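Visitor: One structure is given below, represented as structure tokens, and several questions about it will come after.
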């Protein structure tokens, strides 16, 4: 049962649709038990919340509700609703006083990350959050390489803007290795991306001092 | 068509259900055109976003999707879904590097704000966000008094915890006047609550210095 957004993009909700590839990958990954990237991040966020390390959630999908039945003595049943294009990124929350805002994306490419994985509204949202001194990034997975990165929004936006003036349509892995922060799979949590965020924040502090002083 | 959460609480989505009261209030309020508190806050957030002052959104309602039809050449139609109890507060976002997290609530009472307006999960969420140095609060409206306040989460949580050991079941207006920050209706934006947040943050800075230093 494939779901699509109104713009035709596929909606991924769980990993059930692709068990075979997950099985193949699990040989080189650390106990992933066929989870999707989204599930792994949700589980990591749950771990971070349970241990009072950070409060980060995936936002619910925005829906346009058209028709609701309200049977007596029962919960309301939505009988007609449509998926709406989200106007923001998928995840946000708070960590050590910092506002975190990010997307999770993956590619099968081996040498670069295609910009077509992103939407204009996500880029604009990150641009606005950056102006408010939010910590904005993408958790990128290179499926074939089995490598994960936290890649900051600033270079992503720079690549995005350049593609309209003849720039390349993807971010080279070498740039992601340079400007990003690699994350290694672990047990608790599965994707310990806040370690990479600590490194990321450290570079910001050096550059900007107190980011509240902007 | 009244909607309820699974726990039986009423779900308010728009102001249409109560036009009469809104009309009556509009005589003493500033051009409110019969909007609900939620709509007024959404509009204010839109203003703040459009003017690059803050990036704050109301979170979509979490739904449990059970059945989806996917007609050829058309958008997916959700045919069966249920409202779920949200595990967080309604609004969050970023403002001047600060993580903001809040609820919007109103009462018809004149002398105090009943604690029954809040749910355990909202209190717990605010407790966790506070530990991450988030700026957590409630936008409270006293409908009959036509007064609005930003009331910080810390005193709210203190009242909440006390009620289980014989404490009062509501927060006195006098306390809200003392510990809260009054907000006056305006035109752009309608509810300029970030002015109150500036005052709120100023008290935090005095108390804690750099809130990132925790």
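Quick reminder: no glycine exception, Cβ is built from N, Cα and C everywhere.
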Visitor: Given TrEMBL annotates B:88, B:90, B:103 as Mg(2+)-binding, which of B:120, B:122 belongs to that site as well?
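Guide: Of the residues offered, the record points to B:122.
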Visitor: Fill in the CA-CA distance, residue B:90 (Mg(2+) binding site) to residue B:105 (site 'Transition state stabilizer'), as an integer in Å.
Guide: 10
Visitor: I need the most crowded of these binding-site residues: B:90, B:103. Count other C-beta atoms within 10 angstroms of each C-beta and give me the top one.
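Guide: Max Cβ neighbours within 10 Å, all protein chains included: B:103.
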Visitor: Do the recorded positions B:88, B:90, B:103, B:105, B:122 include any whose Cβ comes within less than 8 Å of a Cβ in chain A, and which?
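Guide: The answer, in sequence order, is B:88.
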Visitor: Write out, in the order they occur in the sequence, the residues of the chain not among B:88, B:90, B:103, B:122 that have a C-beta within 8 Å of the mean position of the C-beta atoms of the recorded Mg(2+) site.
Guide: B:86, B:89, B:91, B:101, B:102, B:125, B:126
Visitor: For the recorded positions listed here (B:88, B:105, B:122), which one has the lowest count of neighbouring CB atoms within 10 Å of its own CB?
Guide: B:105
